[in-house]
Amino acid sequence: MKQIAVVMILLNISYGQFSRSQSVDIDEPHTYTPPRHYFQTSSFDEADQDDDDAAKNPLDRGPYFDISASRNVTALVGNTAYLNCRVRNLGNRTVLYPQQRDSGVYECQISTTPPVGYSMMLSVVEPITTIIGGPDLYIDTGSTVNLTCIVRHLPEPPPLIQWTHNEQEINYDSPRGGVSVITEKGDITTSYLLIQRARSTDSGKYTCLPSTANPMTVHVHVLNGEHPAAIQGSKGLGSSAVVVTFALLLLVLLATVRAFPVR
């Protein structure tokens with residue numbers, strides 16, 4: 001039975017910054033299982049490889065890398081990346097990671113003379129949440145509101161997607177009725193919030209909250225015969241309305257002075 005050194009480098013990814021911790025295990029067989037958000041692209045049968053090592057690997061008399069370990073690792077922003085470096089016949093040598101970046105190439109080295117290296121590619125992805133038609137949606141009274149939230153770039157679907165209305169979690173069993181949600185999970189996860197027979201109280205801010213991705217917000221305006229342009233224009237009245245009113249009063253005053261000059 002051959003000795004195996006397993007070096008697990010843990011990188012906490014957070015928008016261009018990282019911290020590192022390192023653990024070294026000497027064990028046979030290797031039983032570590034990464035968390036679910038870590039995934040890689042290759043697998044191996046360790047027992048079969050032991051039988052063929054002497055014939056296939058020229059470094060059998062010294063330390064060498066288990067080349068069946070994945071060279072491609074993907075991790076999410078804000079989570080931990082697990083880089084698994086497996087070395088056989090390590091002996092009294094040490095294992096080093098001389099290169100540390102977020103996305104990029106990481107090299108695991110054995111301190112032989114000359115050093116022996118094994119490189120791995122780490123890809124850091126950031127989930128993206130979008131709501132179709134945002135940031136403002138205009139719906140006629142009595143129509144059905146269909147808010148579609150799409151979540152991309154996740155290694156697995158989010159366990160939960162919540163919807164809120166004006167910062168309050170939506171209750172699908174409320175007396176109002178006619179409110180439901182449909183979620184389709186896959187490489188791209190889509191959540192549909194359906195509100196039947198829209199009314200003025202349904203207006204407001206709606207937020208889609210995936211449990212493993214950033215939230216996204218849309219503002220819904222339920223119209224009662226108004227035109228969307230009129231609603232948008234009313235938001236900017238404020239000070240301009242005051243200026244117009246003052247100008248009209250000034251014109252009236254000037255007209256009065258001209259009509260009745262002071263003697």
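Yeah, the Cβs are placed from backbone N, Cα and C, and that goes for glycine too.
Bear in mind that TrEMBL entries carry predicted annotations, made automatically and left uncurated.
These features come from TrEMBL:
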type: SIGNAL; residues: 1-16; note: signal peptide
type: REGION; residues: 26-60; note: region 'Disordered'
type: DOMAIN; residues: 127-219; note: domain 'Ig-like'
type: TRANSMEM; residues: 237-260; note: transmembrane segment
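Look at the domain 'Ig-like' (127-219): DSSP puts its residues at 3 helix, 48 strand, 42 coil. Averaged across the domain 'Ig-like' (127-219), the predicted model reaches a pLDDT of 95.
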